[in-house]
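To start, the structure under review is shown below, and the notes come after it.
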Amino acid sequence: MDLGAFERDNSVNCLLDSAVPSVCRTEPCSLGIDEAGRGPVLGPMVYGICYCPVARQRDLETLKVADSKTLTEAQREQLFEQLNEANDFVGWALHILSPNFISTSMQQRAKYNLNALSHDTAIGLIQHALDSGVQVAEVFVDTVGPAEKYQEKLKLQFPGLEVTVRAKADSLFPIVSAASICAKVARDRAVKNWKFLEDLEDASSDYGSGYPNDPKTKEWLAQTLDPVFGYPQFVRFSWSTAQTILESKAAPVRWDDSEDDSSQKSAQSLLCFFARKDAPAERPLHRYFHERKLEAVTSL
């Protein structure tokens, strides 16, 4: 699994896939779908599919794949390598959704919630497999939202396929377990090798699990907050944990139509962050200024 394309620009999404085994182009195949990283406030969400001929599912079971959440990182890596070595009958594809994309999608004027984003990503991966020549006959999906409605949606989109949507499908169907392992391994590697475009100075690299209720994650969020520009792109701005810290610790924005709002009168102006000061700044200028060759001025 080469994440080089995503690591070069982790602000955008990235699609990765294996070669399609020749047997998957001629025999009816079973395809499983699962995701990794839906809940964390940090890092990407990864959707994965894994597929193999229906007649070879017993062979897949001998690899002893299981729900990725029940496995250690080392076990997931080992199982992924076994799936990769079984490339004569197993294939996979991954869609890495950057935290930047997740945040902007959920905060745009026309709301695009996480469930809709997840459904569309899964649909896109099924279509990618079909377009790649995989003879998909049946699809097994770990549900997002009500299973019955999601299953009906997928059946309308792919009327020629047998679709099964279940809660905890990653523990019920080995092909979904395999997809879960592929997705989790990709996310773990992406998070571990994340390249920050922002200068985080001496900020700790220990950000915990990335889940909103993790004290280490909350501490890291508070530590890396820039009062004007917010968080690095590693953070999902749309998560309530991040928004709460922004509202309490970042510089408030005063809009033209809020001048009569008494709660805004004591707010610190954004202009104070651009004015020259006699005392040295506590932190160097954000890269935004360096990239645009901007300097502070004493008056406007």
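Note: Cβ is positioned from N, Cα and C throughout, glycine not excepted.
Curation plays no part in TrEMBL annotations; they are all automatic predictions.
Annotated features in TrEMBL:
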| type | residues | note |
| --- | --- | --- |
| DOMAIN | 28-251 | domain 'RNase H type-2' |
| BINDING | Asp34, Glu35, Asp142 | divalent metal cation binding site |
**Asked** Taking every protein chain shown into account, which of the binding-site residues Asp34, Asp142 has the largest tally of Cβ atoms within 10 Å of its Cβ?
**Response** Asp34
**Spatial neighbours of Glu35 (divalent metal cation binding site) that are distant in sequence (at least 6 apart) but have CB under 8 A** = Met45, Val46, Tyr47, Gly48, Ser118, Thr121, Asp142, Val144, Ala183
**Item:** Overall pLDDT for the domain 'RNase H type-2' (28-251), taken as the rounded mean
**Value:** 89
**Asked** If the divalent metal cation site is taken as the center of the Cβ atoms of Asp34, Glu35, Asp142, which further residues of that chain fall within 8 Å of it by their Cβ?
**Response** Ile33, Ala36, Tyr47, Gly48, Val141, Val144, Ala169, Asp170, Val176, Ala179, Ser180, Ala183
